[in-house]
Amino acid sequence: MTLSLANYLAADSAAEALRRDVRAGLTAAPKSLPPKWFYDAVGSDLFDQITRLPEYYPTRTEAQILRTRSAEIIAAAGADTLVELGSGTSEKTRMLLDAMRDAELLRRFIPFDVDAGVLRSAGAAIGAEYPGIEIDAVCGDFEEHLGKIPHVGRRLVVFLGSTIGNLTPAPRAEFLSTLADTLQPGDSLLLGTDLVKDTGRLVRAYDDAAGVTAAFNRNVLAVVNRELSADFDLDAFEHVAKWNSDEERIEMWLRARTAQHVRVAALDLEVDFAAGEEMLTEVSCKFRPENVVAELAEAGLRQTHWWTDPAGDFGLSLAVR
């Protein structure tokens, strides 16, 4: 096993991005905070709990598809290199790596993430499980550094978990177009998309009975409090999940239970919340199969294969340029 890590992020890039995002979001109308700030250590643990909840079907459904279709996916892709946009520590990653190993194709794993620590631990774990594998980790930002992913071998780039749904249509189109530009002849993209379904099931997946998603949502306030010396009262905000039928997306909001005055000392910023005012913290767009094909085509990609679960809850696309 060989392990390399290329880091394209400045040491203070995360701190600067947080400052920029919080100032922009808290001075906008409606107020908002980007979902990437959910994921400190506490938030990551809460999200791991969410993926195991009975109401939260996406993770287990995507895993079910991969469990039954990984060999087929790898046969179609013919890849010797797995590029994962994300941490590379999940069960789903291993299903694909196992299929590549079983097909005697596996040579290389390239995890891409914003967190160098996550990349090191993921790389070490994968290296221990797959002797002889070459690991070329890339620490970077999706918006800036996709072009830094090494052009080596025949690559299968995977973007799972319907993370693509956290992008609204314009940024999503830009992301897919940029990603398409990085693909060379012989490369493939495996894209996970959560599909439009019964509204009740969708809302429950983001508003579970145990309140884990509510704690996850409020945790973004704890991150701002800790990192930017703010004084949000977490208990003064309630979690709200709703279906936006026009945009076909779930939205997560934090609603002020009473009027609030919040100071963010590190930004020298003070903001007021009216009682009942809602702040947007996440969108999770859902897809129709024909729209997935169209969005890929718009980015210059051709869907060659489509896999879904028996209930049609979740879809995996294999696409090429």
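Cβ from N, Cα, C; glycine included.
A sphere of 10 angstroms centred on the C-beta of Tyr56 (L-histidine binding site) encloses 19 other C-beta atoms. Annotation comment: Swiss-Prot describes Tyr56, Asn166, Tyr206, Glu282, Val283, Ser284 as L-histidine binding site.
What Swiss-Prot records for Gly86, Lys92, Asp113, Asp141, Phe142 is S-adenosyl-L-methionine binding site. In the three-state DSSP classification, Asp141 (S-adenosyl-L-methionine binding site) falls within coil.
If you draw a 10 Å sphere around the CB of Phe142 (S-adenosyl-L-methionine binding site), it holds 19 other CB atoms from the protein chains shown. Once the Cα atoms of Tyr56, Asn166, Tyr206, Glu282, Val283, Ser284, the listed binders of L-histidine, are compared pairwise, the greatest separation found is 16 Å. Taking every pair among Gly86, Lys92, Asp113, Asp141, Phe142, the residues listed as contacting S-adenosyl-L-methionine, the largest Cα to Cα separation comes to 22 Å. Rounded to a whole number, the distance between the Cα atoms of Val283 (L-histidine binding site) and Lys92 (S-adenosyl-L-methionine binding site) is 23 Å. Least packed by the Cβ count within 10 Å, out of the binding-site residues Asp113, Asp141, Glu282, is Asp141.
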